[in-house]
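Read the structure below first, then the notes.
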Amino acid sequence: SSFSYRMGGRNETKVMYFILLGFPTTGELQLLLFSALLLVYLLTVLENLLIILIIRNNHSLQKPMYLFLGNLSFLEIWYVSVIEPKMLMDVLSHDKRISLQGCMAQLHFFVTLVCTEYVLLAVMACDRFLAICQPLRYPLIMRHKVCAQLVAGCWVCGLTTSSIKLSFIARLSFCDVDKINHYFYDISPLLNISCSDSSLAELVDFILALLVILVPLCTVLASYICILVTVLKIPSSQGRQKAFSTCSSHLTVVILFYSTTLFTYCRPKLMYTYRANKLVSVLYTLVVPLLNPLIYCLRNKEVRSAMKKTLTCR
């Protein structure tokens, strides 16, 4: 998994393969962990596929809000599929190695999807802002073509951010240490085991993390402050409740996703030092994608109604 070369008068062992330590278990616990992870993965994929199917097959859901929701579900199917199949293989396999190129490929797809989700959630907040605060202008602004362009823009932002981050991480050298105390290839573990100066890569990662997290987060906060001000001016309590109900599921998803990723990606190297990365990562890579479809189904009347029609084939 490595080869030696001389550098600065001493031998260095350059790592060609990495080994993920994952979740160390033995015997029955290993099989139990595999079963639990497989169940979570299958449920997450099936839930998100069901959301996409419901939106496609119901005319009442052909609105910008649900177009964005369908894209969020599509994104999360890929999001979990980048991490969990490899993780499932590693739970049962003795050979947990992956090449440096394979590691970078997984990291590239994962960072692309995380960054895309940040921007997409901000776009969904803007959509709710326009629907509630600018209801007369909403149909003129949020046309189908504009929605498609916004979704494409989210993916371009994610892909661009990931490409820049990876271009700096790919320049790092990895020597002597080939074991990573994580269950997937993330930026913070790689920065910590690099034997070359990672300060530039860390700085670039930190700046891009601030941009891709804080700009969408500020957009979400500004949108919901305006929404709150507008809703509180509605005279009837029924009207206020109806306005809030269209936002509650999205706001819940935003809080879950942003809170579990914010600290990880704003200070990646520091986060890994305190061994909290693995625990927090479980929340946003396994728990949040599993809960998101349930939140939208349980808290959104239109989705619940459309789901009943789809499942009963009416």
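Every residue, even glycine, has its Cβ placed from backbone N, Cα and C.
Lifted from TrEMBL, the feature list:
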- 31-54: transmembrane segment (TRANSMEM)
- 47-296: domain 'G-protein coupled receptors family 1 profile' (DOMAIN)
- 66-84: transmembrane segment (TRANSMEM)
- 104-125: transmembrane segment (TRANSMEM)
- 146-164: transmembrane segment (TRANSMEM)
- 206-231: transmembrane segment (TRANSMEM)
- 243-259: transmembrane segment (TRANSMEM)
- 279-298: transmembrane segment (TRANSMEM)
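At the 8 Å Cβ cutoff, the transmembrane segment (279-298) and the transmembrane segment (146-164) share fewer than 3 close pairs (sequence separation 6 or more) and do not count as touching. Residues 115, 118-119, 121-122, 125-126, 128-129, 132-133, 157, 161, 164-165, 240, 243-244, 247, 251, 254, 258, 261-262, 265-268 of the same chain sit 6 or more residues outside the transmembrane segment (206-231) yet have a Cβ under 8 Å from a Cβ within it.
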